[in-house]
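S.K.: Mind having a look at this structure? Questions to follow.
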């Protein structure tokens, strides 16, 4: 280790998961070549790594907010490139960061390229929950979820987060922004035991939030990605109390599973045609064309009747989504709303972004194991463009919910 070389992580080595970080190295020789490395281990013990080679400037500094790497896991000036380009040592492994109480820990090191000596090391703790945010497991009649409450007495606008599989990351991070957030996963247990979805459990979660003493919004916001998105659309269409919906890379119909409400089927399932899955030489499958666009008479009854909803909608779609054709689904929803004379929606698409749009600075997932189809698939996306989309969408989600969830103190 070199006593004169410094690695600065600004504004602090401990920050929020979605906070940008300025990474700067000082005390190098000029023009010394160094390699910056980042590593992290997820909750399942999988290792992820990234690296970038730089040449120090005339003052012996490397600043990632200013400098492009000579080579590495990413290219161009990307201040957070070392974080979102973290890649699994075992191909196609998902980065699991689902628990809110523990930080995402990233280890940084600066290595002299000439002799491989580690010059300096530093650790960045990226927290999900800010100071004062409370986490509570809620088990009520009909649903089980995790509730995140901001510090203070409120009143707070309320949001229901519907991750496809259990994850507290998005809900916890949104609670830091002043929202009371309940997360209820679409698939809390084994998929093999899930033959249908019941809207009643999510309605119970909506009512729980509306009755909470610290909730001031008259209606609840709902957000979901992928399968969670069409459940969010259905909630707004069939259940009272939903005022704003964020649907990210969602299907316009009841994807995969039929939807029931009050013990009656309200939407039959739109099912994929697995014969249209294409096996690639890499061992991955391209499944984009397996899920049909439900425009034919055969599939008409599977489409969510979003025109019936009074809620405001934000449709977000990635243009390079290789899981299914999110843009086509979004276009169908927009056309349906216009056909019925509705204008209570916004639609936004992200060029070169893939299916898994997470909160910003998450490791980019180009591929991974599909929990429903039981195969490793392409998710799509170009890393830098995908990372930009995550930053932009995260800000847009917060603005959208603040605009449409009016908050008043309860009498």
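Glycine too: its Cβ is placed from the backbone N, Cα and C atoms.
Summarising the annotation, TrEMBL assigns active site, charge relay system to 226, 321, 355. Per TrEMBL, the feature domain 'BAAT/Acyl-CoA thioester hydrolase C-terminal' maps to 198-406.
Tell me about the surroundings of these features in the structure.
M.R.: For residue 226 (active site, charge relay system), the Cβ neighbour count at a 10 Å cut-off comes to 27, with all displayed protein chains included.
Every protein chain considered, the tally of other Cβ atoms within 10 Å of the Cβ of residue 321 (active site, charge relay system) stands at 26.
Around the Cβ of residue 355 (active site, charge relay system), a 10 Å sphere holds 26 further Cβ atoms from the protein chains shown.
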S.K.: Quick one: Cα separation, residue 226 (active site, charge relay system) versus residue 355 (active site, charge relay system), in Å?
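M.R.: Each residue's Cα considered, residue 226 (active site, charge relay system) and residue 355 (active site, charge relay system) end up 8 Å apart.
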S.K.: How many whole Å apart are the CA atoms of residue 355 (active site, charge relay system) and residue 321 (active site, charge relay system)?
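M.R.: Distance (Cα to Cα, whole Å): 5 Å.
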